[in-house]
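Features reported for this protein in TrEMBL:
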- 504-518: compositional bias 'Basic and acidic residues' (COMPBIAS)
- 3-133: domain 'Photolyase/cryptochrome alpha/beta' (DOMAIN)
- 495-529: region 'Disordered' (REGION)
- Trp318: site 'Electron transfer via tryptophanyl radical' (SITE)
- Trp372: site 'Electron transfer via tryptophanyl radical' (SITE)
- Trp395: site 'Electron transfer via tryptophanyl radical' (SITE)
Amino acid sequence: MPHRTIHLFRKGLRLHDHPALLAALESSEVVYPVYILDRKFMTSVMHIGALRWHFLLQSLENLQKNLSRLGSHLLVIQGEYEPILRDHVQKWNITQVTLDAEMEPFYKEMEANIRCLGEELGFEVLSVVGHSLYDTKRILDLNDGTPPLTYKRFLHILSLLGDPEVPVRNLTAEDFQRCKPPDLELAECYRVPLPADLKIPPESISPWRGGETEGLQRLEQHLADQGWVASFTKPRTIPNSLLPSTTGLSPYFSMGCVSVRTFFYRLSNIYAQAKHHSLPPVSLQGQLLWREFFYTVASATPNFTKMAGNPICLQISWYEDAERLHKWKTAQTGFPWIDAIMTQLRQEGWIHHLARHAAACFLTRGDLWISWEEGMKVFEELLLDADYSINAGNWMWLSASAFFHQYTRIFCPVRFGKRTDPEGQYIRKYLPVLKNFPSKYIYEPWTASEEEQKQAGCIIGKDYPFPMVDHKEASNHNLQLMKHVREEQYRTAQLTRDDTDDPMEMKLKRDHSEENVTKAKTARMTEQT
């Protein structure tokens, strides 16, 4: 018998390449497309801020329009998952619930609870992988049940798996015509709320607008320049360009407005026609595989978003300093390059990946020695593309707590930005208080004379703060702290280390090996005695 189905949208807010929704339409006589807007869950578990709320509501509004064009309706029901499902399963005589399979612990728990409810109320549950390139369980199985902890090992496992599943076909009006849509009265009752309905602050100036339509337009715009796609290498993009020098698609992937499998195979077609193209890890496909790497490791690592209880993360005695953390978060560090980055993040919800590197390094191992967990929480709130796996993975990486081992490389909060933007246009845009400083002072305004500061209309220490730390002194001190941590926790550090690393790390390995040899000789001598 055909099912009466609720299709639950969680992250996959799109109609293209949506295998769970396609399965629902092919097996049902009635399909109710539902998004449960659990405000408590979104704020206390997902920790989304105002910009992400706007992006989410725009994405839901766009999904509603696209469903309407095909003869259906999106039903946005506010409240908690279990009572809403319990009520509507019984009210609508539901026999099946379909949804995207997700790997985050809170989504896994949600799916487990839905399955328990299904056993109680008598409906089937179908979850299908659609948010990632691969089913992470298959990767774990091929790696003896554990996650591959280095990108090199991960790529090896993928070479055994082969290419990802190809995207499923696009949905059509005919697909929806075979199924009875929800009544129009229901759509009126369960409309997409406005930001004002949820008491969300007015929209900021973010250049990103949520939704599948916007995401696909951005995708086509970038894929039209096939030369740029083929030659793209991530390290060569500009961290302080006034417009994104990367694709800017990450918010759409994070919310599931654009399918990563669609992007992957569109890139494959372009690469196949190019004489030469960049390769992972720096190519565009390489960036998708980095995403997949963090998804896989996060799916099978306890406490992935925390330091304590996280088996792959160095246990570091970070400083607890609420005042310094607040200055970093609110763009009051006194380093214009860092403060411009944090201002752009707060205003627009997006910053270039190298700008993220600089801000994260400054907070953690570079200057302030504050825990990566604190920075992760700020990014989780402010970034449009915040993602459980990628956010935590990158913060562990940038703080040299896992994955990254060339920890002697520390971003200078003055020289780094100056290299790609010597005139300081990026700083002038996001920190207008400094816009009148001559270029030679724009990255270090405290070095200007009092008269030059007056001419620029900005007195350092009054209109803009002095640097909160001496970078050279702080970074040298922190470097020694990190060296000591890695010597003490050598085995943990090695868990996520590839074969190729810097001489300092190789020296630590030699020292550790020599120490083990000495211990072994001593043990043998003791046994003989």
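Heads up, the Cβ atoms here are built off N, Cα and C, so glycines get one too.
Everything TrEMBL records as a feature, shown here on the structure.
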{"residue": "Trp318", "record": "site 'Electron transfer via tryptophanyl radical'", "Cβ within 10 Å": "19"}
{"residue": "Trp372", "record": "site 'Electron transfer via tryptophanyl radical'", "Cβ within 10 Å": "25"}
{"residue": "Trp395", "record": "site 'Electron transfer via tryptophanyl radical'", "Cβ within 10 Å": "26"}
**Complete:** Between the C-alpha atoms of Trp318 (site 'Electron transfer via tryptophanyl radical') and Trp372 (site 'Electron transfer via tryptophanyl radical'), the distance in angstrom, to the nearest integer, is 9
**Fill in**
Rounding to whole Å, the Cα atoms of Trp395 (site 'Electron transfer via tryptophanyl radical') and Trp372 (site 'Electron transfer via tryptophanyl radical') are apart by 6
**Prompt:** Counting by DSSP, what is the helix, strand and coil composition of the domain 'Photolyase/cryptochrome alpha/beta' (3-133)?
**Reply:** 63 helix, 33 strand, 35 coil
**Complete:** Looking only at the domain 'Photolyase/cryptochrome alpha/beta' (3-133), mean pLDDT returns 96
